[in-house]
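Pulled the feature table from Swiss-Prot, pasting it below:
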BINDING   HIS83, HIS182  heme b b562 binding site
BINDING   HIS97, HIS196  heme b b566 binding site
BINDING   HIS201  ubiquinone binding site
TRANSMEM  33-53  transmembrane segment
TRANSMEM  77-98  transmembrane segment
TRANSMEM  113-133  transmembrane segment
TRANSMEM  178-198  transmembrane segment
TRANSMEM  226-246  transmembrane segment
TRANSMEM  288-308  transmembrane segment
TRANSMEM  320-340  transmembrane segment
TRANSMEM  347-367  transmembrane segment
Amino acid sequence: MTVMRKSHPILKIFNNSFIDLPTPSNISAWWNFGSLLGLCLIVQTLTGLFLAMHYTADISLAFSSVAHICRDVQYGWLIRNLHANGASMFFICLYLHIGRGLYYGSYLFKETWNIGVVLLLLVMAAAFVGYVLPWGQMSFWGATVITNLLSAIPYVGATLVEWVWGGFSVDNATLTRFFTFHFLLPFTIIALTMLHLLFLHETGSNNPTGLNSNPDKIPFHPYFSYKDLLGATLMITTLLTLVLFSPNLLGDPENFTPANPLITPPHIKPEWYFLFAYAILRSIPNKLGGVLALLFSILILMIVPLLHLSKQRSTTFRPFSQTLFWLLISNVLILTWIGGQPVEHPFIIIGQLASVTYFTLFLVVMPTTALLENKLLNW
């Protein structure tokens, strides 16, 4: 008799995805981030659901309703801080997951990779509209500045901005629709995550060597289920430490002031996880140019598979490409730092140089180095 998990129509899908899944025996801890992202998504959806039960999407009540959640709702402070800092954990895991993909050549699974890039864009959209909901100063001005970027689109820009705002400025209509989007997007993200997994399981996972894994695979459970459990424990511990000891560490003090259209904060800046893109946006003196650079700073990931000119998949055995990879990481960290600084000398020129370096590494230096390494293989 076949085991029920192998024959039942629904359990069979679960079994083939999480229990009897053939997995490369040598995948390292860098392969843990997929499951950690799944965990983040579950935590964010559940905490978000409970917050939505008490939140009011109205400009006269939004700020007060968040204060009410933190003061009067049972464990509301915990739910709110888990949700706010859970977003940071989500992005940490996302960036590490993408970094892993770039380092080990996982992007050659094109469908999986491109769905992943779309997922990144959706998570960024969800985080942006979510940041507006508490209706603090930085929420309001962040929404104003970022939505205003749409006005850079030729011909339809101005109309588009008014359409997104639902009026002639960021107002009640804007808050209401942002709450709608913030509620809707996670479910779209969950659906795409399933597709992401579906395409991944068509090919199987890559591994640190970049070689074919088929000769040496082991069942996902118990080996990697326990490995994932360890990763999950470490992540939850980190998240709880942040939430319980320093919940406002990554937030902006400006957001403790209710939104006021008449007072502009001295430095308008997004949450830390958007700072690298914000720095690229600001480094270009032209509005439309900045918006395009901002867009391409993320969309460039979609053409990475086309720019892979090396005969080897992973950078494990390519010291030159490894050096460039870490240069890229350093560059993104510099951009993140610049994004949080005021627009003045020397930050302007540093941001411009880092932005040029970012695109040059992806489009020119890395592919050229890959070709050079191919030549070296023949020596």
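From the backbone N, Cα and C atoms, a Cβ is placed for every residue, glycine too.
How buried are these features, and what lies next to them?
Close to HIS83 (heme b b562 binding site) in the fold, though at least 6 residues off in sequence, lie GLN44, THR47, GLY48, LEU51, each with a CB less than 8 Å from its CB.
Cβ environment of HIS196 (heme b b566 binding site): THR112, ILE115, GLY116, LEU119 lie under 8 Å away, each six or more residues apart in the same chain.
If you draw a 10 Å sphere around the CB of HIS201 (ubiquinone binding site), it holds 14 other CB atoms from the protein chains shown.
Residues 69, 79-80, 82-83, 86-87, 89-90, 93-94, 96-97, 100, 182-183, 186, 189-190, 193, 228, 231-232, 235-236, 239 of the same chain, all 6+ positions outside the transmembrane segment (33-53), place their C-beta atoms under 8 angstroms from a C-beta of that stretch.
Counting only same-chain residues 6+ beyond the ends of the transmembrane segment (77-98), those with a CB under 8 A from a CB of the stretch are 30, 33-34, 36-37, 40-41, 43-44, 47-48, 50-51, 66, 69-71, 116, 120, 123, 127, 130, 235, 238-239, 242-243, 247, 250-251, 271-273, 301.
Within the chain carrying the transmembrane segment (178-198), a Cβ under 8 angstroms from the stretch's Cβ atoms is held by residues 17, 37-38, 41, 44-45, 48, 52, 55, 57, 112, 115-116, 118-119, 122-123, 125-126, 129-130, 132-133, 143, all 6 or more beyond its ends.
Within the chain carrying the transmembrane segment (226-246), a Cβ under 8 angstroms from the stretch's Cβ atoms is held by residues 29, 32-33, 35-36, 39-40, 43, 78, 81-82, 85-86, 88-89, 93, all 6 or more beyond its ends.
Remote same-chain partners of the transmembrane segment (320-340), defined as residues 6 or more beyond its termini with a Cβ less than 8 Å from a stretch Cβ, comprise 99, 102-103, 269-270, 272, 274-280, 282-283, 310, 347, 350-351, 354-355, 357-358, 361-362, 365-366, 369-370, 372-373.
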Quick one: give me the count of other CB atoms within 10 A of the CB of HIS182 (heme b b562 binding site).
22
Mind checking which residues of the chain, 6+ beyond the ends of the transmembrane segment (288-308), have their Cβ under 8 Å from one of its Cβ atoms?
98, 102, 105, 107-108, 110, 113-114, 117, 120-121, 124, 149, 152-154, 276-278, 280-282, 355, 358-359, 362-363, 366-367, 370
Enter the number of other CB atoms within 10 angstroms of the CB of HIS97 (heme b b566 binding site).
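Counting Cβ neighbours of HIS97 (heme b b566 binding site) within 10 Å gives 19.
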Report, in whole Å, the straight Cα-to-Cα distance of HIS182 (heme b b562 binding site) from HIS97 (heme b b566 binding site).
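Cα to Cα, HIS97 (heme b b566 binding site) and HIS182 (heme b b562 binding site) are separated by 23 Å.
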Between the Cα atoms of HIS201 (ubiquinone binding site) and HIS182 (heme b b562 binding site), what distance do you get, rounded to the nearest Å?
29
